[in-house]
Amino acid sequence: LEAFVSCVGREQHFPEVVVCSYRILSFPRNLINARDTRKGLAAAFRMWSEVSPFSFKEVPRHVDSDLKIGFYSINHTDCLESLIHHCFDGTTGELAHAFFPPNGEIHFDDHEYWILGNTRFSWKKGVWLTDLVHVAAHEIGHALGLMHSLNPNALMHINATLTGKKTISQDEVWGIQRLYGCRDRLFMCPSWARKGFCETRRKLMKKHCPSTCDFCYEFPFPTVPPTLPPPRTKTKTVSEGRNVTFRCGQKIIHKKGKVYWYKDKELLEYSYPGYLSLNEDHMSIIANAINEGTYTCIVKKKERILTTYSWRIRLRH
């Protein structure tokens, strides 16, 4: 672990909030716009401000900053000349990389298709759509001085993008607070503690007054609420390579309506040999990493929805 020194110029634990600035030098070209890019990066920084003494703010690109962020092509900055800074590899593969303090740089691969939302494969576009918040939070951890974690449930695990772990775990809390200390976020914490809030309002105090209540090294509450499945969603955990078939209201389909199939809210229009087979009243998939996700069938008569069914497919690891 290495302490982040750009904001104040020296290593120490911080009893008060330290404001760190970041600027975005370039934006992605695929899918996500500048506004959503800013929104996603801000959400990732908020995850770390909840468990560290740092507060992060964006500044204009022409202003000096503690952190610099950019979306770059395969050959970017000094990657061809540097032994420690490697170039990107195009779509999929390496998504991003960051430099340890005090460098303060985070690079994202501009060939990726960045989105706000869960990472998933898009049949419509034929590419992986990658969650910007998830990847950014991981890289910010590196920029703050955290190495990869051996805990498979940690955001800083080397395969966190594949495992889908999006919340900061106890591993990261311990690491960041050992580097920079633990602090209260509100001036009224001692008063609240005297009223017994450390016991009676534990969730509130854990978020805002961890030092006063001695909660510094406990598991943090998630900064992002879990995504709830759609109504009538069934979750199936299956082995890779298994053939899975979904059937959609056969009686209603034959008598009244037309069925529409969706994966992760995208309309499916064609079969894909070896992956997915579409039929009028049922659909079959071969379970693999690409086909993980939520499948929905909607039966319509003209514009009226007659019924819907939804299945969430997860691979058994």
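Glycine is no exception: its Cβ is also placed from the backbone N, Cα and C atoms.
Just so you know, TrEMBL annotations never went through curation; they're auto-generated.
Taken from TrEMBL, the feature active site applies to Glu139. In the three-state DSSP reading, Glu139 (active site) counts as helix. In this view, Glu139 (active site) is surrounded by 21 other Cβ atoms within 10 Å of its Cβ, with every protein chain counted.
Sequence annotations record features per position, and here TrEMBL assigns Zn(2+) 1 binding site to His76, Asp78, His97, His107.
Residues or ranges marked as Ca(2+) 3 binding site by TrEMBL: Asp89, Gly90, Asp109, Glu112.
Of all Cβ atoms in the shown protein chains, 26 besides its own fall within 10 Å of the Cβ of Glu112 (Ca(2+) 3 binding site). DSSP classifies Glu112 (Ca(2+) 3 binding site) as coil under the three-state reduction. The feature Ca(2+) 1 binding site is assigned by TrEMBL to Asp110, Glu112.
Taken residue by residue with DSSP, Cys182 (disulfide bond) is part of neither helix nor strand, so it is coil. Look at TrEMBL and you will find Cys182-Cys216 tagged as disulfide bond.
Taken from TrEMBL, the feature domain 'ShKT' covers 182-216.
Mean pLDDT for the domain 'Ig-like' (222-307) in the predicted structure: 77. Feature annotation from TrEMBL assigns domain 'Ig-like' to 222-307.
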Which same-chain residues, if any, lie at least 6 apart from Asp110 (Ca(2+) 1 binding site) yet have Cβ under 8 Å of it: Ser26, Pro28, Arg29, Asn30, Phe71, Tyr72, Ser73, Phe88
Residue, out of the disulfide-bonded residues Cys182, Cys216, whose Cβ gathers the largest set of other Cβ atoms within 10 Å: Cys182
Distance check against His107 (Zn(2+) 1 binding site) for the recorded positions Glu139, Cys182, Cys216, keeping those with Cα within 10 Å: Glu139
For the binding-site residues His97, His107, the one whose C-beta sees the most other C-beta atoms within 10 angstroms: His107
From Glu139, Cys182, Cys216: recorded positions whose CA lies within 10 A of Asp109 (Ca(2+) 3 binding site): none
